[in-house]
Amino acid sequence: MAEDLIRMEKINKFYGRIHALRDVNLTVRTHEVVGLLGDNGAGKSTLIKVLSGAVPLTSGNILIKGRKVELKSTADAIANGIETIFQDSALVPQLSIARNLFLGREPIKGGSFLNRLDQDAMNASARELLKRVGITKDIPPETPIAALSGGERQAVAIARAMQFDSELIILDEPTNNLGVAETQGVLRFVREARDTGHSCIFIAHNIHHVFQVVDRIIVMRGGRVVADDIDPKHTTIEQVERIITGEELLHAITA
Amino acid sequence: MQQRTFLQSFVSKPEFGPLVLLVLELMVFWSFNSDFLSLPNISNTLSFTVELGLIALAMTLLMTAGEFDLSVGSVFGFSAVLMWTLFNSEMMPLGVAFLVAIAASLLIGFVNGWFVTKLNIPSFLVTLGMLLVVRGTALYVTDGFPQRTWNAEGNLFANVLAGSYFIGSFRMYMSVIWFALAAVAAHYVLTKTKAGNWIQASGGNPNAARARGVNVSRTKICLFMASSAMASLAGIISSIRTSAANPNSGTGYELEVIAMVVIGGTVLTGGRGTIIGTVLGIFILRVMRNGIVMIGVPGLAYNIFIGAIILGMMALHSWLERRHNSGV
Ligand SMILES: Nc1ncnc2c1ncn2[C@@H]1O[C@H](COP(=O)(O)OP(=O)(O)OP(=O)(O)O)[C@@H](O)[C@H]1O
Ligand SMILES: [Mg+2]
């Protein structure tokens with residue numbers, strides 16, 4: 001079995017008095033795509049926000065390749081090889097596609113004193129990346145994000161996660177608002193990411209999308225993980241739906 | 001989008017409106033009084049222009065990052081008073097007093113930035129408080145009296161900073177050169193550098209910027225310091241040019257500077273800024289001030305015109321924005 005990339009142990013998270021995560025354990029192995037399912041408010045976004053440094057945890061441990069880490073900010077998480085595409089995608093509307101793709105990691109030319117952006121290099125890789133996420137329409141990389149459709153924005157956010165060699169890529173409902181071609185682009189990206197040695201956590205309400213790409217399914221309900229080893233090859237979508245709603249006892253399947 | 005003609009994309013630029021307005025203004029004043037474009041008048045207008053202009057350049061960057069600074073007018077007055085008080089009391093030579101004044105303004109800018117970014121207080125309140133503190137200090141230490149300034153004639157330091165010399169019959173002020181250099185530098189920083197990208201991102205979507213590892217707080221603190229330092233420099237240049245250091249000088253400048261910046265097309269809410277637009281905005285207001293006096297309108301009516309220009313330009317920018325969004 002592949003080695004553990006991420007281990008989250010006994011994670012608890014309180015928002016004031018709301019207990020959003022209750023003793024959650026979660027493991028992601030290398031080269032593995034994990035689907036994270038659960039109804040609205042189950043705690044999925046909270047869990048991955050903890051893992052991506054966006055919100056602090058109340059108690060618990062996070063280990064990356066067996067080493068304990070503290071993720072105090074998203075920058076910390078990025079530095080530890082964890083890239084996240086948030087549900088409310090985090091782009092700067094006034095900046096161009098290319099500049100959003102490289103925000104925080106801009107390529108520089110002409111020495112650090114001049115601090116000059118290598119705009120040509122940014123534009124060239126931006127064109128390349130947009131093609132890979134299935135934007136076949138010819139959108140110039142200088143276009144500001146504000147001029148894009150919701151789906152195109154999502155695609156840009158995904159393209160951004162692709163370009164840096166992160167070991168774990170987290171996608172929180174990346175197929176929301178997407179058209180057919182763009183959804184296929186996202187799913188293709190997830191497969192490609194695994195084939196090139198990355199791990200993914202994939203959150204979506206559309207179970208069909210999840211079934212198409214994941215190796216393993218984890219289900220959350222009421223802040224707890226209620227099933228964490230569902231094999232999509234040996235389970236039906238209906239069974240998973242019943243676990244999500246709590247109608248089916250999990251041991252029947254996970255056994 | 002690709003099929004737009006050159007003319008269409010030029011018209012949709014934020015700098016287009018201010019450019020047209022400036023050209024119109026020059027034509028109107030010139031047709032009323034042909035002395036308006038005479039060399040002495042141009043030189044005179046330029047020398048006034050750059051002092052507020054220096055502040056406006058820094059304010060453009062700060063406003064692009066989503067903040068603004070109301071304390072610049074008081075720093076303008078305070079710095080000159082501080083420098084001349086230190087020099088007059090024979091505590092230090094002028095050059096050192098200058099550095100002390102700049103350092104004090106950097107500290108003021110740092111405190112502004114710290115309150116805004118670390119305590120999360122809106123810049124309107126922080127810099128309003130700072131305005132009162134700094135202006136109050138200037139009035140208190142001077143008892144409200146102007147400071148003696150010595151005649152700057154012949155001092156190398158004063159000449160480099162604020163001297164003037166003649167090119168033919170045209171009187172060129174050193175401060176104009178400083179302003180031109182600062183404008184080019186600010187334009188370069190905003191449009192071509194990593195720092196500029198961070199400035200725009202900090203104003204456009206600070207959470208997104210932070211999530212990518214952009215240090216939003218440090219970016220803003222640096223810009224508050226730059227705006228304060230520019231106000232200080234401008235106040236000192238002005239005191240040398242006019243041979244006066246008055247604790248009340250610079251009163252109301254903050255609003256005029258912000259007006260220059262927004263007339264030029266930089267948005268008050270951050271994310272988008274233009275140095276070219278600001279330079280146009282600076283000239284629009286200074287030409288207006290100079291022009292209405294030359295054609296015989298009482299100077300007291302100046303504010304009516306400025307207010308009308310601000311309202312008109314805002315209406316124009318919003319109209320262009322809507323036109324753009326509806327795809328025309
Ligand atoms: N910032 C917050 N402050 C207070 N409570 C919060 C906050 N964010 C989430 N919660 C609460 O935590 C619980 C889990 O929310 P979370 O966003 O993790 O759910 P989710 O599984 O991602 O749901 P969805 O499928 O709707 O995105 C919910 O009860 C929610 O109300
Ligand atoms: Mg969610």
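Any Cβ shown, glycine's included, is placed from N, Cα and C.
A quick note: this is a predicted structure, and the numbers were derived from the prediction, not measured.
Straight from TrEMBL, the features:
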type: TRANSMEM; residues: B:16-33; note: transmembrane segment
type: TRANSMEM; residues: B:45-64; note: transmembrane segment
type: TRANSMEM; residues: B:94-115; note: transmembrane segment
type: TRANSMEM; residues: B:121-142; note: transmembrane segment
type: TRANSMEM; residues: B:173-190; note: transmembrane segment
type: TRANSMEM; residues: B:221-240; note: transmembrane segment
type: TRANSMEM; residues: B:260-288; note: transmembrane segment
type: TRANSMEM; residues: B:300-320; note: transmembrane segment
Spatial neighbours of the transmembrane segment (B:260-288) far in sequence, C-beta under 8 Å, 6+ residues away: 14-15, 17-19, 21-22, 25-26, 29, 45, 48-49, 52-53, 56-57, 59-61, 63-68, 183, 186-187, 190-191, 199-200, 202-205, 302, 305-306, 309-310, 313-314, 317
Residues of the parent chain within Cβ reach of the transmembrane segment (B:221-240), under 8 Å, 6 or more residues beyond its termini: 50-52, 54-55, 57-59, 61-62, 65, 67, 69, 71-73, 75-80, 83-84, 98, 101-102, 104-106, 108-110, 112-114, 116-117, 149, 152, 158, 161-162, 175, 178, 182, 199, 249-250, 253
Contact call for the transmembrane segment (B:121-142) and the transmembrane segment (B:173-190): at least 3 Cβ pairs under 8 Å, seq gap 6+: no
Cβ contacts under 8 Å made by the transmembrane segment (B:45-64) with residues that lie 6+ beyond its boundaries: 72, 76, 164, 173, 175-176, 178-179, 182-183, 186, 189-190, 199-200, 203, 220, 223-224, 226-227, 229-231, 233-235, 237-238, 241, 253, 256-258, 260-262, 264, 266-268, 270-275, 278-279, 281-283, 285-287, 289-290
Positions on the same chain near the transmembrane segment (B:173-190), where near means CB under 8 A and six or more residues out: 43, 46-47, 49-51, 53-54, 57-58, 60-61, 64, 159-164, 196, 199-200, 230, 233, 237, 241, 273-276, 279
Beyond the flanks of the transmembrane segment (B:16-33) by 6 or more, those residues with Cβ under 8 Å of it: 10, 263-265, 277, 280-281, 283-284, 287-288, 291, 294-295, 309, 313, 316-317, 320
Distal contacts, the transmembrane segment (B:94-115) - CB-CB under 8 A, six or more residues away: 69, 71, 75, 78-80, 82-84, 86-87, 121, 123, 126-127, 130, 134, 155, 157-158, 161, 217, 220-229, 231-233, 236
